[in-house]
Number of protein chains: 2
Amino acid sequence: MIKELTVDLGERSYPIYIGEGLLENIASYFEKHGISKGSPLLIVTDGQVGPHYLEGVLERLGTAGYQAASYTVTAGEKSKSLAVLEDVIGAALEAGLDRKSAVVALGGGVVGDLAGFVAASYMRGVRFIQIPTTILAHDSSVGGKVAVNHPLAKNIIGAFHQPEMVLYDTSTLQSLPDREVRGGLSEMIKHGLIWDADFAYWCEDNAERLVGLDPEALQYGLYKGCSVKAAVVSQDERENDLRAILNLGHTIGHALEAVAGYGELTHGEAIAIGMVGAARLSVKLGHPEEIHTITKRIFEKFGLPVRIPAHLDTDAIMRAMMHDKKFGEGRMVYIVPVAIGKVEINKQMDPKLVREIVDELKQED
Amino acid sequence: MIKELTVDLGERSYPIYIGEGLLENIASYFEKHGISKGSPLLIVTDGQVGPHYLEGVLERLGTAGYQAASYTVTAGEKSKSLAVLEDVIGAALEAGLDRKSAVVALGGGVVGDLAGFVAASYMRGVRFIQIPTTILAHDSSVGGKVAVNHPLAKNIIGAFHQPEMVLYDTSTLQSLPDREVRGGLSEMIKHGLIWDADFAYWCEDNAERLVGLDPEALQYGLYKGCSVKAAVVSQDERENDLRAILNLGHTIGHALEAVAGYGELTHGEAIAIGMVGAARLSVKLGHPEEIHTITKRIFEKFGLPVRIPAHLDTDAIMRAMMHDKKFGEGRMVYIVPVAIGKVEINKQMDPKLVREIVDELKQED
């Protein structure tokens, strides 16, 4: 059974299909959505995902009469650069992509962000299709934010470019390393914590099935996670206000990623710590104690970290935070839980309070 | 007297101000349009324009309470690259630009295209202000097309990103070299030829005043040229159909630019030849002979070329044309005049006919 949901954005609305083995019918989805057979496609993937799925995708599309070229980038964040963008656009030109062509992202968040910005900027914008192959990508594949990095800042060069559709084949998740699975589930839990208490508790109750990649639990969890993201994005496509709530845990999280050495903390691990920190901040501001105890309990059930490694320097973490682009005109914007399943956007957060939280998070027991 | 016109694009509408000396009041235009004083600005200019106007602009903005940083690129097409884009975005980061900041293009088409794509992609889009300093830029500063080049193709990486306003100070045109003046006027004449016969004849009658940079003639010509461009763009912002008429003369023109050595033909010169070619094609298709004689007469009055230099190879020109991105799914789209001031989009043009025209244009007497 394939689950389907719609990201409601007026004329830019698009469907997300989630299910076991749906890539076997990839061509029928392309046909259903009017992807042109008269113009070449470009599949962008990376060195980890490509070897597993690229050949099958090319073969199925070819059999159905699509001309699909492919370009494989090195796996990892380093491929989100303008230099790699130029290479991928070179491949698009050589394959003869025109204005009716589509660019397809086959991979995780890095490939989605890179290929999405290719689609947004090639000939000033062509169609874009997402085929996420990680759990984490359930987050980045909804909402149309695409970007590459600058040597001085992450995700600073990009666009809002909505895909035509998202094809989520849960069978591609079975080969994910355990640490990536848990990291991806961290964003899924976030979607419960900001919007849907029932879903947050469902995650807690189904931690073992999710970590064990049970197909049914995965399909439901991704469906609910994508639904929350879609609901938020539908109300605020270009991040003017509401969309900021998706940054729960990300202020501290991004700073930890910047300060910790490469590979010490995954994105999902860093934001798990950040969400526990936000819950602590919430209690400090007078909200119920249980926001902190329950948040922490959920992440612990998933084997995700809840404390800042003691050797990371508080000053360095604070400095990294002040460079984060979520601070408009010098003020500190912070997403604070007010209950499980509900958050508020605090635009006047005192950096001193945040510093206290960072220190406390090092001693979190 | 400042002339003002509006590019009507719904919520993305914006004004174009044209007049002698209006940069003296630059800060008041920024204030009128709500450009934030709480967020830094970045002025992008080049090594030719910067020395004349940058200091004055920075000083006037500074006096009014704006924090403006600047970045100067090397003059010329080579600055429209992803490498230079990365440099400019680095300067934006170092200057602390945030989501409420604006990027300002002070210069001709290259600076406008580059700075516009910086504005379109920095933090996924910030405000953009155009201060064109060439006649040619009256064309590129209206319509929101911004882009950089790929080593394999011009303008292939870009976006549609409309400015907040265009500030056209005709006094900045007084120092333009004569050849650039004539080249820029070529696009102005084009706006008459595609849309407004009276304006085409006005250009012919005022050739001497325009070439001589008479302020009043310039202001009127730029106003009318921008008006035509604005009318076309208002009806077809994303180049789905009508906007293609702006490409009159550009099919042959782009091919000539690609095949001729650097500096042999300016863009304006190449499209002048292309427009005479399109007029010849028109006559061949059965339209009145005078379309060709009048078109040719107008360009000759401006001292613009009307024939293809004989040493350029016809095969090479045809090959360059077939790579042009105006050919959707392999067919040849051609903009053909049907009268002075009126063109049609022919989507079934026979490349053999175009080849005949190219050969004839070498013997144009």
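First residue shown is number 1, and so on along the chain.
Just so you know, glycine gets a Cβ as well, placed from its N, Cα and C.
Per TrEMBL, domain '3-dehydroquinate synthase N-terminal' is recorded for B:71-182.
Look at TrEMBL and you will find B:Gly109, B:Val110, B:Val111, B:Gly112, B:Asp113, B:Thr133, B:Thr134, B:Lys145, B:Lys154 tagged as NAD(+) binding site. DSSP assigns B:Gly109 (NAD(+) binding site) to a helix.
Sequence annotations record features per position, and here TrEMBL assigns domain '3-dehydroquinate synthase C-terminal' to B:184-326.
Residue environment of B:His250 (Zn(2+) binding site) contains 22 other Cβ atoms, counted within 10 Å of its Cβ in all protein chains. Per TrEMBL, the feature Zn(2+) binding site maps to B:Glu187, B:His250, B:His267.
Most other Cβ atoms within 10 A: among the binding-site residues B:Lys154, B:His267, that distinction falls to B:His267. Counting only residues at least six positions away in the same chain, the Cβ atoms of B:Ile135, B:Leu136, B:His138, B:Asp139, B:Gly225, B:Gly268, B:Ile271 sit under 8 Å from the Cβ of B:Glu187 (Zn(2+) binding site).
Residue pair B:His250 (Zn(2+) binding site) / B:Thr134 (NAD(+) binding site) shows a Cα separation of 19 Å.
When other Cβ atoms within 10 Å of the Cβ of B:Asp113 (NAD(+) binding site) are tallied across all protein chains shown, the result is 26. Report note: the Zn(2+) site is defined by B:Glu187, B:His250, B:His267, and the residues of the same chain whose CB lies within 8 Å of the CB centroid of those residues, excluding them, are B:Leu136, B:Asp139, B:Ser186, B:Lys190, B:Gly249, B:Gly253, B:Gly268, B:Ala270, B:Ile271, B:Gly274. DSSP gives B:His267 (Zn(2+) binding site) a helix state.
The DSSP secondary structure for B:Lys154 (NAD(+) binding site) is strand. For the pair B:Gly109 (NAD(+) binding site) and B:His267 (Zn(2+) binding site), the Cα-Cα distance reads 11 Å.
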